[in-house]
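Novice: Here it is, the structure in full.
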Amino acid sequence: MANSPDAAFSSPALLRSGSVYEPLKSINLPRPDNETLWDKLDHYYRIVKSTMLMYQSPTTGLFPTKTCGGEEKSKVHESLYCAAGAWALALAYRRIDDDKGRTHELEHSAIKCMRGILYCYMRQADKVQQFKQDPRPTTCLHSVFSVHTGDELLSYEEYGHLQINAVSLFLLYLVEMISSGLQIIYNTDEVSFIQNLVFCVERVYRVPDFGVWERGSKYNNGSTELHSSSVGLAKAALEAINGFNLFGNQGCSWSVIFVDLDAHNRNRQTLCSLLPRESRSHNTDAALLPCISYPAFALDDEALFSQTLDKVIRKLKGKYGFKRFLRDGYRTPLEDPNRRYYKPAEIKLFDGIECEFPIFFLYMMIDGVFRGNLEQVKEYQDLLTPLLHQTTEGYPVVPKYYYVPADFVECEKRNPGSQKRFPSNCGRDGKLFLWGQALYIIAKLLADELISPKDIDPVQRFVPLQNQRNVSMRYSNQGPLENDLVVHVALVAESQRLQVFLNTYGIQTQTPQQVEPIQIWPQQELVKAYFHLGINEKLGLSGRPDRPIGCLGTSKIYRILGKTVVCYPIIFDLSDFYMSQDVLLLIDDIKNALQFIKQYWKMHGRPLFLVLIREDNIRGSRFNPILDMLAAFKKGIIGGVKVHVDRLQTLISGAVVEQLDFLRISDTEKLPEFKSFEELEFPKHSKVKRQSSTADAPEAQHEPGITITEWKNKSTHEILQKLNDCGCLAGQTILLGILLKREGPNFITMEGTVSDHIERVYRRAGSKKLWSVVRRAASLLNKVVDSLAPSITNVLVQGKQVTLGAFGHEEEVISNPLSPRVIKNIIYYKCNTHDEREAVIQQELVIHIGWIISNSPELFSGMLKIRIGWIIHAMEYELQVRGGDKPAVDLYQLSPSEVKQLLLDILQPQQSGRCWLNRRQIDGSLNRTPPEFYDRVWQILERTPNGIVVAGKHLPQQPTLSDMTMYEMNFSLLVEDMLGNIDQPKYRQIIVELLMVVSIVLERNPELEFQDKVDLDRLVKEAFHEFQKDESRLKEIEKQDDMTSFYNTPPLGKRGTCSYLTKVVMNSLLEGEVKPSNEDSCLVS
């Protein structure tokens, strides 16, 4: 690449000619002591006019990506920074009374650009509507437009347009600029469009995108990833725009933007889970700087901020700027400019010669100003100064990047940092890098104290740590401060007779009629009200998508069409899924919801939590647990959360009230109908009957002879006859399942269609607590639990993968968030291979795991892949161990709350008291690995030219080591993929132990390496053979193929498994060549 345009135009001879621009020599020349404010601002005004505004399109207001050669393309995020640069200088000119019209000019240059982007976006309103319903790379807003016409450029196949960070940055700067007094939004069409952009951004936590660098994963192969920088910018934008009036001081109630607090909170949790990583393939990335610092200031946790920033600086900072990320091939001489995507392992070529970008020194300068760290400002200003160049007029220019010329590449790789780098003065990237120019203006205005941080951050995205407790924030970025929140609780009984019954136990409740005129709504009615938010027929926008309202949303009071409305949380909905019939699970959900509200409630005013008590909750054995919970409410503390129980009318004064004024209904429009929660009416003096809900003895068992194996081959007539005679619900479900598969759901039985008959059996079995029958019926009806997709997302954002499918059968790996419909199809396709009940119990586990991993992530340490089928296998194994010599309890007969407790039991890492066979079986089923396991496999691979083999799966040394880095998430997943072929949990755990042994042996013997493939199966076989020889010699036991005794042997100690594994590993290594060392004392000469 020595003859590349970049190299040619960077030569000293050409720089001296002045035809492009020269190194900046005058930047440190002393200015007059008596320089006036006008002179200072005039200096920057001329820079802005000459290096930025002269390139702004006179028609759209957009800025081109390149400033030479008639460039047609304009990228949204670059134009946004240009607008911000002009706006920042306008803010400085506000300090001068007679500004000669410059404030107006600069402000309206920014407004023109912002409205230009809005114009481009609004022409794609159909894409917003599609993306809102189905977020995919082929339904998103474009990120590149024609600079002169605003037309969309480049198809989805030609360019990765899915860049949520661009939309988020637009919303963030929109709020900041309007807050400073600019008028950008003109009418209600634009307000409704912005509201719909918010709907799109709310779901960022589950939408992998291409990121700031437009490349997706680090491998640049067209795949998308969940990026911390995108999620962080979305979080910041949502916090800034929540409750914001787009008309500024002249606004009214219907120009206010609404944000779903629960969706925002999921973005917050996702961001904290991903950091300090940027994504699965990016261990760190300079794109995190604008996320954690200016302009987003997305982090509330100071420790996490420091950890993330330190990692960026440590790994990416150089003499000429920051690398974007490690092994970034962008504009390096070894990158092929004619290919959009890289080949496998190609990124290894760019290791150590990544371009360095001075723009990130500017971000660090701005960060220093905001944090009052003058040393940081000076440090990065001193680093930046020698990198700046100047135009022929003498104005400073920030080069886009500095690169290593082709002739110097080998020397740079041998000795990093030794070679001179050259700036990207022109060539493919144009004369000026406008993003850098804009940020230079902002940084210098701040450093010279011509504007203050409060000027360019009027909504106070950045708040110093010492002020965070006292600042009136917009609900959510006050951070994880310790709080002593008291949750207000109102107890509502569904009928008057239930109220009287509870009163006899000293539990004071209210009925829906007694709280009037306040109405009690299920959250689904609130969702219906929100359908009207952002609706716009002219633009073809339908308003808020059908998404449930979470615990934070239902903890507010709403004013809707003159009514005062409170909502009970979704956990009290009468779900179609059987888990809601387990009252112990309901109590657990209530405690979890209260703890969640305590942790994440950041609003002024107290949360209002409605507890809805139904008559069905207190029947039979359900009564005592419910009574204990209500007594805990009365005492004022439940699950570690302080609560205050009172009448709803009393609590309403301290709550947060949300005015839903977007429900503007004209006289000609029909009022939307909302159904409030109705009180159950019963005859006077009737009493609540606490009838038993325990299973009748005959119902609990199958009728003799009714098995799927026997009856699936009998005629339909025979099955119908047996169905009519069968009084056992379990038998009926089996027979109905056979009919369903054979004849279809609409086949007529004595009790209507097959599907209706199964539904009735499902209800009856639920009331009798016949959980195995309930699960089979639920599976036959293809029922799906609520919150399935969010639960899987909770697992994914913790850096894990989820696999669905039965143990020993094909599994589906989920790496990115999916829609509920897709997850349902996977579950019912993969899980019903050998037992119909598997599909629904896997859903139960997904819900439980989603909750547990959010609240106790340490229980999943060492588990990179959450294999649901294998976890079920571990639970069944645990039941066998507990049963001893007796028949094991059937997992499917346990209640959902018992299943959850069993899951928690096996997840506990301390398994002391168990035999080693049981430990290995459980840990293998959970896919648990020791600390630093994947790093050690990397080190093994470095010393194994032909790779590693296990269970027929080969992990090659190349291109693995070339394509990846040691600490990369994708390498760990590759190792998991290799181990995924092992079909026995305890054997998998022995393989994990073997890999740790191999790593330690290689670490202590640097002169050794494997000459051939490391066949792990062969090594275990040889170790077991050695173990058998010792067993037969010492204990006089005949050799057996059964490895149970080996699995049950402790790893350490005399004749532990590690002793045998170490022996065979050393034998294998010593069969190869020993590499001599200069320090080897065995050498004679």
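Glycine is no exception: its Cβ is also placed from the backbone N, Cα and C atoms.
Reproduced below are the annotations present in Swiss-Prot:
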MOD_RES   S10  phosphoserine
MOD_RES   S19  phosphoserine
MOD_RES   S693  phosphoserine
REGION    760-787  region 'Calmodulin-binding'
REGION    912-943  region 'Calmodulin-binding'
LIPID     C1082  S-farnesyl cysteine
Novice: Counting only residues 6 or more past its boundaries, what in the same chain has a CB within less than 8 Å of a CB in the region 'Calmodulin-binding' (760-787)?
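Specialist: Result: 548, 570, 573, 575-579, 581, 693-696, 699-700, 729-730, 732-734, 736-737, 740, 751, 820, 824, 827-828, 832, 836-841, 843-844, 846-847, 850, 890, 892-896.
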Novice: Give me the DSSP three-state residue breakdown of the region 'Calmodulin-binding' (912-943), ordered helix, strand, coil.
Specialist: 20 helix, 1 strand, 11 coil
Novice: What mean pLDDT score does the region 'Calmodulin-binding' (912-943) have in the model?
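Specialist: Here the mean pLDDT over the region 'Calmodulin-binding' (912-943) amounts to 91.
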Novice: Let's see if you can do this one: DSSP helix, strand and coil counts over the region 'Calmodulin-binding' (760-787), in that order.
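Specialist: Counting residues by DSSP class gives 18 helix, 0 strand, 10 coil.
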